[in-house]
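J.: There's a structure below that I have some questions on.
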Amino acid sequence: MTKGTFSFGRRHTKSHTLCRRCGKSSFHIQKKTCASCGYPSAKTRSYNWSIKAQRRKTTGTGRTRYLKTVHKRFNSGFKEASLAVKKTAAK
């Protein structure tokens, strides 16, 4: 049995599986790290040499659930929820 490049073509097992952080099939099973987002490290993997990849993954490309409401709260001066003052009839 040879151990060189000949045996590289004979592999049938998956080296990568789905990543639980980014969802891509980039999580290396033996290394236990994601090649795409760098999971389980705390910071997301990103490099300046891949500007196009940064554009795909940056803030504003997903649902931006929280950011949608920020401009609305900014206009009202970031007021917290407060009870409305009752208007009593002046006597």
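The backbone N, Cα and C atoms fix where each Cβ goes, and this holds for glycine too.
Look at Swiss-Prot and you will find Cys19, Cys22, Cys34, Cys37 tagged as Zn(2+) binding site. As annotated by Swiss-Prot, zinc finger applies to 19-37, with the evidence given as sequence analysis.
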J.: Which sequence-distant residues neighbour the zinc finger (19-37)? Criterion: at least 6 residues beyond either end, Cβ under 8 Å.
T.: 44-45
J.: Find, for the listed binding-site residues Cys34, Cys37, the residue with the lowest Cβ contact count at a 10 Å cut-off, counting only other Cβ atoms.
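T.: If we count Cβ atoms within 10 Å for the binding-site residues Cys34, Cys37, the smallest count is at Cys37.
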J.: Long-range neighbours only, meaning 6 or more apart in sequence with Cβ under 8 Å: which ones does Cys19 (Zn(2+) binding site) have?
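T.: Cys19 (Zn(2+) binding site) has long-range Cβ partners Ser25, Ser26, Phe27, Cys34, Ser36, Cys37, Tyr39.
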J.: So, in DSSP terms, is Cys19 (Zn(2+) binding site) helix, strand, or coil?
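T.: In the DSSP reduction, Cys19 (Zn(2+) binding site) maps to coil.
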J.: Could you say whether, by DSSP, Cys34 (Zn(2+) binding site) belongs to a helix, a strand or a coil region?
T.: strand
J.: Only counting partners 6 or more residues apart, tell me which same-chain residues put their Cβ under 8 Å from the Cβ of Cys22 (Zn(2+) binding site).
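T.: Same-chain residues close to Cys22 (Zn(2+) binding site) (Cβ under 8 Å, separated by 6 or more) are Cys34, Ser36, Cys37, Tyr39.
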J.: Which chain neighbours of the Zn(2+) site, leaving out Cys19, Cys22, Cys34, Cys37, have a Cβ atom within 8 Å of the mean position of the site's Cβ atoms?
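T.: Once Cys19, Cys22, Cys34, Cys37 are set aside, the remaining close residues are Arg20, Arg21, Gly23, Lys24, Ser26, Phe27, Ala35, Ser36, Gly38, Tyr39, Arg45.
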J.: Which value does the mean pLDDT take for the zinc finger (19-37) in this predicted structure?
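T.: A mean pLDDT of 97 is what the predicted model shows over the zinc finger (19-37).
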